[in-house]
């Protein structure tokens, strides 16, 4: 049974010289044979790091002639909404150059985040989001959406963002600036409602479920996971964040996507093997160059 982790921040594994290598070995041993490494870095200055990892020996044929011990690694590149103020013309040019590389298969994660009070204002986030959708459209590559509302945010964030709804804003901007191109994407770490899931699916997006699917208070996410179309579901870790139960609170890593996959399979009433086959096929359909 082989799985794909459709969203992991591999550049965060640098606490020791061997940490990333160890993480990748554990992933492959757990059956995770492909990883999409997310290239947001700490901002535009480091958003190239995921592509460097994907293009390195760790992700591209180190095992040729030897037993395979590492997953295949692909990359994205993008400017996270928290860094939207840094989406300068130079940063967008860098994004376009990275996105043009064969092993960079998506633009993201991009979107809107009204959860943290110290994030850029709404107008700045929207401007960066739209600009990156334009880059992705020129590249003809899918986008990876980050969407976080202020519903459960701190009082400071609620005061800053008011009644603004990140989901409504994301879907509206997609409808205006992305849908006309007929391109697709992923709602990363989907945490919305059934209605938001259905609207995302109608817009041509896949829904990727992370470890928070397993959390006790996440019934809304589980309902959406059951309602989602079978040919549009994916699994991810968002590592090193959001470790699934039974390892919640620990440092997450791609190997642990097996727990999220097992939970999603149980919710949908299918075997883990079928879930792995379905999500793998969905990923490869969205990203044909990974076949």
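Numbers here mean position along the shown chain, with the first residue as 1.
Here the Cβ of each residue, glycine as well, is placed from N, Cα and C on the backbone.
On a predicted model such as this, the values are computed, not experimentally measured, just so you know.
Over in TrEMBL, the protein carries these features:
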- 7, 9, 109, 238: divalent metal cation 1 binding site (BINDING)
- 146, 188: divalent metal cation 2 binding site (BINDING)
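The distance from the Cα of residue 188 (divalent metal cation 2 binding site) to the Cα of residue 7 (divalent metal cation 1 binding site) comes to 7 Å. Candidates 7, 109, 238 (binding-site residues) were compared with residue 146 (divalent metal cation 2 binding site); those inside 10 Å Cα-Cα are 109. Taking all protein chains in view, 28 other C-beta atoms sit within 10 angstroms of the C-beta of residue 7 (divalent metal cation 1 binding site). If you draw a 10 Å sphere around the CB of residue 238 (divalent metal cation 1 binding site), it holds 24 other CB atoms from the protein chains shown. Other than the site residues 7, 9, 109, 238, same-chain residues with C-beta atoms no more than 8 angstroms from the centre of those residues' C-beta atoms, the divalent metal cation 1 site, are 8, 38, 40, 144, 188, 189, 236, 237, 239, 241. Applying an 8 A CB threshold to same-chain residues 6+ apart, the list for residue 9 (divalent metal cation 1 binding site) reads 37, 38, 40, 50, 238, 239, 240, 241. Secondary structure at residue 238 (divalent metal cation 1 binding site), taken from DSSP and collapsed to helix, strand or coil, is coil.
Here the Cβ of residue 146 (divalent metal cation 2 binding site) has 24 other Cβ atoms within 10 Å, regardless of which shown protein chain they belong to.
Listed in sequence order, the residues of the same chain lying 6 or more apart from residue 109 (divalent metal cation 1 binding site) and placing their CB within less than 8 Å of its CB are 7, 38, 40, 76, 78, 80, 144, 145, 146, 188.
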